[in-house]
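Participant: After the structure tokens below, expect a handful of questions from me.
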Amino acid sequence: SCVCPLCDDCAGHEGHPCVDLDQGLDQTRVQQPQVSEALSQVRDILQQLTNQRAAIEEDIQSGFEDLHKQLDVRKSVLLMELEVTHELKHKVLQAQMESLAGCGGDMSALGAQVEEALAGEASVASLGLEQELGQRLEQTLGLVVRSDPEENDQLDLVLETDALRKSIHNLGTIVTTSAVASQSEAMGAGLEQCIVGHPASVTIVTRDKSGGACKNGNAILSAEVFTPDGSIVDGEILDHKNGTYEFVYTVPKEGDFSLALRLYDHHIKGSPFKLTVNKPSEAERRGKSPGQKKKGSKRASSALGTPRRKHQNPIEDDLIFRTGTKGRNKGEFTNLQGVASANDRILIADSNNQCVQIFSTSGEFQSRFGVRGRSPGQMQRPTGVAVHPSGDIIIADYDNKWVSIFSSDGKYKAKLGSGRLMGPKGVAVDQNGHVIVVDNKSCTVFIFQISGKLVSKFGSRGTGDKHPGQVLVQSRSNPGQSWFSPGSSQVFTLEGELVLKFGSNGEGNGQFNAPTGVSVDQNGNIIVADWGNSRIQVFDGSGSFLSYINTSADPLYGPQGLALTSEGHVVVADSGNHCFKVYRYLQ
């Protein structure tokens, strides 16, 4: 019978609302978790939006306070210059005035005495006085009196405020878009298939919630090609500043892949896409493809100015040992990325296993820590690792958008950068203990105190020199920092000044295809993990190519993080082979 309180007819005929109550209840139960998940996502975005607003407000306040301080300092300097300049001129003119006034008074007194002597009766005394007055008059007339002013009265102020007013008027921009992932879409040949070693591209069109095309850029996009074995192929996203973007990537081997395109951490329409990578045709093989894996050549003994020791490997490969296989157990990896070496330990950021693993410098597993999650102390996608002078371990967590700090034995202590960072990938610690973070998504370098206080930041999205990329390292012999964009290597000071840029996109000596790891030896030579070309290159301090580190016996596949051990050897995360390798490196 019908139990609907609004119904007087219990016939239950077809189409009656009461008939569908059970079905509607089932659908509600099915949809309720989806609504709850959507509510949670919107709540997280709202909280992130509030955090971003608070962080930007703090930046505005501190930025303008700094400008006020600089203006006050400049005003004080100008007032001081005015006072000093006026005082110098005043002294010169005052002294000349006093001199002229004294000279005039002396002349008046002497003239009166002469007139009095001439009017008096002649006598022996008067004759002596006249003689004395004559001598004084002669001396006075012989004086050279400077009647021209010895200084001028010019005190002008040149205060060019027009350009400054214009700059202040245009100072600062709140950057945002209305783009949403559910309406945005991708197109292009590179969306479904590409050729091994050949650059492919995909065009992304961003749209707002109503499906209208966005007209401005600066949206936060991420794009990744997942290989069949779980490792990640990164590429370069180009912002056309008109609401459209281009993702350019190169895949080094054939197979069935997955292309994920995310906007503000959410998949766009159709993502992830199925991607087929085919072998190049015969004609394409004749021309060497830029993404083809290239083995390192044997390094000449004089390449780094140091004699090369002989060792047992008959082909004289530089590889000492490798550690790791694919998996989720201790000593196994899934997409290892960041590498650090300190205190006779090698630390690996195991990205897809959401942990950090620690080994001895001889490759023996010691410990690991990390739990998957989005709460403080948990990891979602650790991509960078560094060691603070205190022994604390610094972890850049790309997906959690913060940097975590753990004790040397893996106990969580604090986080920094939350609300400011959009996608931290590289992290390092300078000689003052500052934590330096390259935020890949915002293309900005942040410098924090270990307490979390922001010291400074520089860089922004763009195509010029000041466009930091993925990896940053503290140089041992130079206080500057180094980080990399997909086609070149760049070195900046801590103040953001570009001091060196070298390399270009390609596969030749000194060229790169998405460099992702870097270290600097004690002589200032720069060692680069060239991900897309699957090799390690060595450069001098001016950016001139020196050599390869030989990988002939066990070729690299997609090297990422790179560091120098205490013995001076090179350790690199070989992400495609799910291991890390240690190479002999003679400095």
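Backbone N, Cα and C define each Cβ position, glycine as well.
Heads up, here are the entries from TrEMBL:
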type	residues	note
DOMAIN	19-143	domain 'B-box C-terminal'
REPEAT	176-277	repeat 'Filamin'
REGION	274-323	region 'Disordered'
REPEAT	320-362	repeat 'NHL'
REPEAT	366-409	repeat 'NHL'
REPEAT	410-451	repeat 'NHL'
REPEAT	499-542	repeat 'NHL'
REPEAT	543-586	repeat 'NHL'
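Just tell me what is around each of these and how deep it sits.
Facilitator: Helix, strand and coil residue tallies for the domain 'B-box C-terminal' (19-143), in that order: 120 helix, 0 strand, 5 coil [DSSP].
Long-range contacts of the repeat 'NHL' (320-362) within the same chain: residues 229-232, 368-373, 378-387, 391, 393, 395-396, 398, 406, 408, 410, 426-427, 516-517, 554, 560-567, 569, 571-575, 577-584, each at least 6 residues beyond the stretch ends and with a Cβ under 8 Å from a Cβ of the stretch.
Each residue in the repeat 'NHL' (366-409) has a pLDDT score, and their mean in this model is 94.
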Participant: When you scan the chain for residues with a C-beta under 8 Å from the repeat 'NHL' (366-409), skipping those not six or more beyond its ends, what do you find?
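Facilitator: Here the qualifying positions are 48, 265, 330, 337-340, 342-343, 345, 347-360, 415-418, 421-429, 433, 435, 437-438, 440, 448, 450, 471, 561.
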Participant: Which residue counts does DSSP yield for the repeat 'NHL' (366-409) in the helix, strand and coil classes, in that order?
Facilitator: 0 helix, 22 strand, 22 coil
Participant: What does DSSP give as the helix, strand and coil breakdown of the repeat 'NHL' (499-542)?
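Facilitator: Going by DSSP assignments, the repeat 'NHL' (499-542) contains 0 helix, 22 strand, 22 coil.
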Participant: Summarise the repeat 'Filamin' (176-277) as counts of helix, strand and coil residues per DSSP.
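Facilitator: Its residues fall into 3 helix, 54 strand, 45 coil.
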